[in-house]
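Peer 1: Feature table excerpt (TrEMBL):
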DOMAIN    169-232  domain 'Histidine kinase/HSP90-like ATPase'
TRANSMEM  278-299  transmembrane segment
TRANSMEM  330-351  transmembrane segment
TRANSMEM  357-380  transmembrane segment
TRANSMEM  401-431  transmembrane segment
TRANSMEM  489-516  transmembrane segment
TRANSMEM  528-550  transmembrane segment
TRANSMEM  570-591  transmembrane segment
TRANSMEM  598-617  transmembrane segment
TRANSMEM  623-641  transmembrane segment
Amino acid sequence: MITADTWALPVAAACVRGAILRAPDIHDATNLLQEALDALQAAWLSASIAGTAVELDLAIDPVLHQIVIQLDPGWHWVGAYEAHTEVEERQLPAEDASLGVGLFLVRRVMDRVEYFPQPGANRWRLCKRLDFSRTTDTEEIRTIHLDIPACYRYLNVVGECIAAMLPEDEQTSGAIQLAVHEICTNIVEHAYYADHPGRIEITLTRDPVEQTFQVETRDTGGHTFDLSLIPDRFDLAAPTLRSPLLTGSLLLFISATLVNGGNYLFNLLLGRWLGPASFADLSLIVTLFLVTSFVTMGLQTPVARFGALYAADHDLQAISNLRRWARRRALVVGAMLMTVLTLGASFWANFFATASFWPFVIFGAFLPFYLLQGVDRGLLQGRTQFGRLAATYQTEMWSRLAFSLLFVALGWGVSGAVLGIGLSFVATWAMTQQIGRQLPKPQPVPASIQKELLLFTGPVLVAQLGQILINNGDILIVKRFFPAEEAGMYAALALIGRMVFFATWSIVTAMFPIVAQRFQRGEAHRPLFYASLGLVLAGSLLIIGATALFPHQIVHLLFGEAYQGIAPLLWVYALATMFYALANVVITYRLSIGSAGGVYLAIIAGIAQTAMLWFWHESLAQVVWVQVALMGFLFLALLTWDLGNRERKQAPQVTPAIHVA
């Protein structure tokens, strides 16, 4: 029930607008919408003068091709429409465990998240504190009840309604819309059987006194579900507990292992062939390549997420629209990066003290291809085409290895190796072009969807930025301030020392879903955290011990005698990496129970590392010891933060459900 006043009219209009524009077969939805809104406004004004409470019902009849809007008591409007003759009736897809995007994102956006599983009466309750000043003329609590089909097509009706209820702050409104969209998406996909679609009841409440916005959902699905069991579609290394993706996840794991092995072989062989000075120049380009992956993931992840939704709804047109939207932005960003690197090649060569400016020109010229193939990888990921996705990574790695080794063997040096990297981008891009040939002609992406895309990109970029700063900032600083020989030896040192991080990463990825599952069920999960810390510590100490006892043998085996100068620092760098690996356990554990604060501490540490190394770099030893101190401090700060917030992050308790009218 809604009180018919001027405040509620925009909300009612938003619901009508969202439903009509998303109906699947209306030929001229815009004109029909205008007729409906004009009629609704006139009836609403009459009801508001009387001061009565009304109930708004909207029904779309695909048989009679009519839309009926009814205000109880006493008013209704009927509008006829011409239907698309070529549109087929779409059914809800079968349950697909690949659709979930991670409960941690919902918990990060909202201040309180509760789930009450009960077959036939599942409920979610989300609450968000409103930080902006109260602007409404009344302190009356505003409540809107929605009853919509459990279908992706109509989820934007909820978003339109939330936006109308919170016109003061688009950012807060958008964040709430994102969280509610995630919850409703998983209700659609997991609560109902594919051949028995149902409905979702949603209650939106804005309390101007308490300054809160609360969302409650209720569904009658026979399934209860646990978002912690739905794999994170955007962490390719994360294990899955659902059988539909078991084969795909194993395939990606094997592919990632081969890619990492190929990349190590690439570095080891070229490190020996080029020598320390030239290898330092090549390592700089490789580091810039890793930094640009920060931008690529900012495109790939939102494309994967929205591509998954559209694929589940069998909406190839929306996938085509999304692909063009993302590719255009990839081209713009790629062109900007290409301009910065190619036109500024001489500056970068002087800044980083490289032997030639040509590696920057060559690398910059191929960057647009790298960003474009990232978009298509996102579509493959979103559509769960894991075999083809794994093939793109294999194509990139093997072509890079083959081209680079060939060109270096021909005597082209660093420029030849960089050309091989660039050609691997082109090979992968060419492989993904067949995706577009399978899609219809693209149309513009609606503004509301563009807003959701941009909003979703934020957390992804934040998570990537911290890791890139910590893992790659030191190499850039060393290349800037040290002679080529020393910079090359440091690149080899970093490559060996980071074995600690990659060797213990499997422990972290295994911990994440298990902790999330236990947390959601109210079971003890802290022992898993302590066990993970212990395993990472034990594995790290083994590697540190090996690098301390046999440093010269390890360096000789991997890089040769020319790099023996780094042998005394090998165990120190491994120690710094151990602290970061332990810090990563804390960050991942907190994410698994819905807290993203550790991500921001990691970003602060990455910025601090860059700043400190900029001022303190008298020797390679000083560079490494600065990282030991900083990563050790990061781990202790995260552990202290975790212990201090432990009592506030206990697993949610199940309480009796409240009936939603």
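Cβ from N, Cα, C; glycine included.
Curation does not apply to TrEMBL; its annotations are automatic.
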Peer 1: Mind checking which residues reach the transmembrane segment (401-431)? Cβ under 8 Å, same chain, six or more beyond either end.
Peer 2: 262, 265-266, 269-270, 273-274, 278, 281-282, 285-286, 289, 355-356, 358-359, 362-363, 365-367, 369-370, 372-373, 376, 391-392, 395
Peer 1: Thinking of Cβ pairs under 8 Å, which stretch from 278-299, 528-550, 570-591 has the most of them with the transmembrane segment (598-617)?
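Peer 2: Selected stretch: 570-591, with the most Cβ pairs under 8 Å.
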Peer 1: Report the listed stretch (278-299, 570-591, 623-641) having the maximum count of Cβ pairs within less than 8 Å of the transmembrane segment (528-550).
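Peer 2: Stretch with the highest Cβ contact count: 570-591.
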Peer 1: Please report, as numbers and ranges, the same-chain residues at least 6 past the borders of the transmembrane segment (623-641) whose CB is under 8 Å from any CB of it.
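Peer 2: Distal contacts: 470, 474, 477-478, 490, 493, 569, 572-573, 575-577, 579-580, 582-583, 586-587, 597-598, 601-602, 605, 608-609, 612-613, 616-617.
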